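Worksheet for the structure shown next.
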Amino acid sequence: MGDLVIDIAQPYADWPDIQSRIEPAVQAALTEVDSPNEGELSVVLSDDAQVQQLNRDYRHKDTPTNVLSFPMTPDTGLMGDVVFARQTIAREATAQGKDFADHFVHLLIHGVLHLQGFDHQTDADADDMEAREVRALARLSIDNPYMGFKR
């Protein structure tokens, strides 16, 4: 294959202009896990209502969340889908004193790592995933988002 294709859908119009940040963030995440930069990734810039419905349908949690990742079968060349809830991300960024775009980039890296098989079900897995996120963010000159936060 050799090329990474990123499809961006924006069903919810009220998003800031962050599309230029998407490809560098995905590349940083894939570099961090030594994954080939190839295949197809879908990024969906949505809202709380759609993400809440997806969260309810697929995770049985009737609440919005910041990001959901839906991996595809590896043999297909499709990496998967990463879906974002704009209002939740904005609330979190404000509450944590973070720049919206930097927080979005962090969540995109987090979502791509999930598509690559990483999770945070155990403390050890969470530590590993967070370390990868921090290194990927550093490639983009974004500060460690976990400074001052305890799990």
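Glycine too: its Cβ is placed from the backbone N, Cα and C atoms.
Remember, predicted model here, so these are calculated numbers, not experimental data.
Here is what TrEMBL says about this protein:
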| type | residues | note |
| --- | --- | --- |
| BINDING | HIS110, HIS114, HIS120 | Zn(2+) binding site |
Remaining residues near the recorded Zn(2+) site, that is with C-beta within 8 Å of the centroid of the site residues HIS110, HIS114, HIS120: SER69, GLY111, LEU113, PHE118, ASP119, MET129, GLU133
Tertiary neighbours of HIS114 (Zn(2+) binding site) (same chain, Cβ under 8 Å, six or more apart): SER69, PRO71
Assigned element (helix, strand, coil) containing HIS110 (Zn(2+) binding site), judged by DSSP: helix
HIS120 (Zn(2+) binding site) CB neighbourhood, other CB atoms within 10 A: 16
Cβ neighbour count within 10 Å of HIS110 (Zn(2+) binding site): 22
Secondary structure at HIS120 (Zn(2+) binding site), reduced by DSSP to three states: coil
